[in-house]
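Take a look at the structure below.
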Amino acid sequence: MEARMTGRRKVTRRDAMADAARAVGVACLGGFSLAALVRTASPVDARAIRPPGALPEQDFLAACVHCGLCVQACPYGTLSLAEWSDEAELGTPFFTPREVPCYMCKDVPCARACPTGALDRDIPSIRDADMGVAVLVGHETCLNYKGLNCSICVRVCPIRGDAISLEPQEIDGRRVMIPVVHSASCTGCGTCEKQCVLGHAAIRVLPRDLGLGGPGRNRAGRKA
């Protein structure tokens with residue numbers, strides 16, 4: 001039997017074949033473990049913003065088959081399928097409001113295209129969608145808090161007056177008009193985040209459970 005020296009150990013062909021088999025087994029086990037990790041990764045802390053009509057996150061992940069039909073149906077190129085570096089489970093649809101918000105199509109084509117019900121095809125209206133909720137995260141940077149008069153987030157809101165408004169507040173002895181999000185009406189479309197004039201938007205869309213610490217998506221949209 002042929003043999004060769006590796007360091008101080010004499011390695012036979014049989015030893016080499018056994019080592020190779022063990023390496024393959026470890027690789028397979030590692031691949032299985034990685035796949036299992038991806039499948040069972042908890043989405044609790046995920047900040048992914050889902051398309052309108054999405055079921056609660058766990059139900060959504062169970063129903064979504066990663067087909068991409070919702071992405072193809074969106075006329076604005078809002079939706080993408082998640083890659084490894086994204087804040088969403090691999091292959092699932094999401095969008096980044098700062099890049100392209102949801103333009104709230106009345107016929108909700110993305111939900112209508114879903115073959116499994118991961119996106120609720122029976123959502124009554126786009127105004128019933130619960131993609132998330134806008135949250136004013138940049139109190140230190142929002143121009144209104146600095147005493148300036150900016151109303152862009154209010155003016156661009158597709159349901160202006162219901163989802164967001166300017167309300168008077170006293171800050172450091174000054175009377176200023178501050179953007180106030182009315183979460184019961186906000187759909188999380190992200191138009192306000194997209195149009196914020198700051199380099200880092202002072203207003204951001206977050207999943208409802210993360211933004212408000214309350215119940216998130218449900219099949220009929222938001223519950224008051």
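A Cβ is built for glycine as well, from the same backbone N, Cα and C atoms used for every other residue.
These features come from Swiss-Prot:
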- C102, C105, C110, C114: [4Fe-4S] cluster 2 binding site (BINDING)
- C186, C189, C192, C196: [4Fe-4S] cluster 4 binding site (BINDING)
- 133-169: domain '4Fe-4S ferredoxin-type 3' (DOMAIN)
- 1-41: signal peptide (SIGNAL)
Excluding C102, C105, C110, C114 themselves, which residues in that chain have a Cβ inside 8 Å of the centre of the Cβ atoms defining the [4Fe-4S] cluster 2 site?
P51, P52, G53, C70, A73, C74, T78, L79, V108, P109, A111, R112, A113, L119
Provide, as an integer number of angstrom, the distance between the C-alpha atoms of C189 ([4Fe-4S] cluster 4 binding site) and C110 ([4Fe-4S] cluster 2 binding site).
14
Please report, as numbers and ranges, the same-chain residues at least 6 past the borders of the domain '4Fe-4S ferredoxin-type 3' (133-169) whose CB is under 8 Å from any CB of it.
103-104, 127, 175-183, 185-198, 200-208, 211-212
Suppose the [4Fe-4S] cluster 4 site is C186, C189, C192, C196. Which further residues of the same chain have a Cβ inside 8 angstroms of that site's Cβ centroid?
P97, P101, A134, C153, V156, C157, A163, I164, V181, G188, G190, T191, E193, K194, Q195, I203, V205
Per DSSP, C189 ([4Fe-4S] cluster 4 binding site) is which: helix, strand or coil?
coil
Long-range same-chain neighbours of C186 ([4Fe-4S] cluster 4 binding site), Cβ under 8 Å, sequence gap at least 6?
V133, A134, A163, I164
Residue among the binding-site residues C102, C196 whose Cβ has the most other Cβ atoms within 10 Å:
C102
Inter-residue C-alpha distance, C105 ([4Fe-4S] cluster 2 binding site) and C192 ([4Fe-4S] cluster 4 binding site) (nearest angstrom):
17
Looking only at C-alpha atoms, tell me how far C196 ([4Fe-4S] cluster 4 binding site) is from C102 ([4Fe-4S] cluster 2 binding site), rounded to the nearest Å.
15
Least Cβ-crowded entry, counting other Cβ within 10 Å, from the binding-site residues listed as C114, C192:
C114
Taking DSSP states H, G and I as helix and E and B as strand, how many residues of the domain '4Fe-4S ferredoxin-type 3' (133-169) are helix, strand and coil?
4 helix, 10 strand, 23 coil
